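Participant: Before I ask anything, let me first share the structure, which is written out below as structure tokens.
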Amino acid sequence: MKILITNGRVLDPAHGIDEKFDVLIEDNRIAQVGTDIQTADAEKIDAAGCLVVPGLIDIHVHLRDPGFEYKEDIESGTRAAAAGGFTAVACMPNTSPVNDNKATTQYILHKAAQAGHAKVYPVGAITKGLKGESLAELGDMKQAGCVAVTDDGHPVSHGEIMRRALEYARSFDLPIVSHSEDLSLVGDGVMNDGFVATELGLRGIPWVAEVSAVARDVMLAEYTNARLHVAHVSTRGAVEIIRAAKARGARVTAETAPHYFTLTEDAVRGYDTHAKMNPPLRTSDDLEAIREGLADGTLSVIATDHAPHHPDEKNVEFNLALNGIIGLETALPLTLRLVEEGALSLSDAIACLTSGPAAALSLPGGTLEVGRPADVTIIDPEIKWTLDPQAGQSRSRNTPFGDWKLKGRAICTIVDGRITYRLSD
């Protein structure tokens, strides 16, 4: 099958390309990128006024499958991904059973191949059962198809176990994704510690719970010379630690999520459980630090931490509500808001959704280089729309952005040369 995309603004940050080019896809690969491409028997897509970029990649997604399919499954989650412009996602291992073994990894890959909406890269567990006690079989999981390991949802609290995990993972060149959190400091907190928490009568989570854990994990990564990717950064202190570590040459990358550069703890006012996540929404100063970190490359990845929940798990009092929000269909327009507000260049914004995540986990996408897999996202940056949570592709509806007026949207998603989403579909 051939697809010829014409008249679009081709933006490939990995190769410094920002030109009005055509893109020819043939035999599931990028066959040609250039001007006035001529070919017969190709499906033509006129991308006038649109951006043509490498397929977006989200390296922090909870697909809830196996075990929690009432919230999301691989089919619905990848459908939501495609609708958001993502051609690939990396799924977290906190499922039931936990993805701490070869068999569960193979199950995920098999089901993802059947769904076909987006590529799925499994992330295995660092420790067996996510219990933080003994290391999982990292080598077996990598051989089965895992691209990284994490105990996401739980920190690896024991420093020696984290050290051994980094050393073991280094032998396979496998990135460790760190959920950096000191549970002894978190206690029974449910939102950011500060004035708003006091005003609402809710127990707070201090910023130092994240920052101290990031500091430990970064130092362990330097000590072991292992690859570390810091997940869902939400605080100024964490940004500063990561910036300094990268300047020293540490093998550290880091991500943040759209809610951390869009919302602050003020969103919790009214006890809105859709504004409850872990780590919690922070202060306006933290938000500015996150934006600065994206602009200077300290944070090279924007990932959603897409965390679907059933309404019964959110429509309860704030203290009892589960943490997390969905984000696959809102990440792109929220990122484009940063561009419109002058906080991030368009090229850097697209890089944080493409080449940045690909580099962090050594994934094959993130570029429109000739010969590479034909994973392409076409974006209309000017389209205006209002988010209706009930109209989303995810099985869950837990978003704090309901009824927000957004600008910019994926209008076509192409995975391995197959169109998996059109806005008109």
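Yeah, the Cβs are placed from backbone N, Cα and C, and that goes for glycine too.
What Swiss-Prot shows for this protein is this:
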ACT_SITE  Asp305  active site
BINDING   His60, His62, Asp152, Asp305  Zn(2+) 1 binding site
BINDING   His62, Leu63, Arg64, Asn94, Asn278, His309  substrate binding site
BINDING   Asp152, His179, His232  Zn(2+) 2 binding site
Participant: For His60 (Zn(2+) 1 binding site), which of these binding-site residues sit within 10 Å, Cα to Cα: Asn94, His179, Asn278, His309?
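Facilitator: Hits: none.
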Participant: Using C-alpha positions only, work out which of the binding-site residues His62, Leu63, Arg64, Asn94, Asn278 is nearest to Asp305 (active site).
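Facilitator: So, of the listed binding-site residues, the one sitting closest to Asp305 (active site) is His62.
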Participant: Are any of His62, Leu63, Arg64, Asn278, His309 (the binding-site residues) within 10 Å of His232 (Zn(2+) 2 binding site) when you go C-alpha to C-alpha, and if so which?
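Facilitator: Asn278, listed in sequence order.
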Participant: In which DSSP state, out of helix, strand and coil, do we find His309 (substrate binding site)?
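Facilitator: DSSP call for His309 (substrate binding site): coil, neither helix nor strand.
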Participant: For the recorded positions listed here (Asp152, Asp305), which one has the lowest count of neighbouring CB atoms within 10 Å of its own CB?
Facilitator: Asp152
Participant: Run through the Cβ atoms and count how many others sit within 10 Å of the one on His309 (substrate binding site).
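Facilitator: If we count other Cβ atoms within 10 Å of His309 (substrate binding site), we arrive at 26.
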Participant: Setting Asp152, His179, His232 aside, what same-chain residues sit with their Cβ within 8 Å of the center of the Cβ atoms that define the Zn(2+) 2 site, listed in sequence order?
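Facilitator: Once Asp152, His179, His232 are set aside, the remaining close residues are His60, Met92, Thr150, Gly153, Val177, Ser178, Ser180, Glu181, Ala231, Asp305.
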Participant: Using Cα-Cα distances with a 10 Å cut-off, which of the binding-site residues His62, Leu63, Arg64, Asn94, Asp152, His309 are near His179 (Zn(2+) 2 binding site)?
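Facilitator: If one measures from the Cα of His179 (Zn(2+) 2 binding site), the binding-site residues that come within 10 Å are Asp152.
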Participant: Can you tell me the three-state DSSP label for Asp152 (Zn(2+) 1 binding site)?
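Facilitator: Looking at the DSSP assignment, Asp152 (Zn(2+) 1 binding site) belongs to neither helix nor strand, so coil.
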Participant: Can you see whether DSSP assigns Arg64 (substrate binding site) to helix, strand or coil?
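Facilitator: SS state of Arg64 (substrate binding site) = coil.
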Participant: Identify, in sequence order, the residues in the chain of Asn94 (substrate binding site) that are 6 or more apart from it along the sequence and have a CB within less than 8 Å of its CB; answer 'none' if there are none.
Facilitator: His62, Ala125, Leu130, Asp151, Asp152, Gly153, His154
Participant: Once the chains shown are all counted, how many other Cβ atoms turn up within 10 Å of the Cβ of His62 (Zn(2+) 1 binding site)?
Facilitator: 25
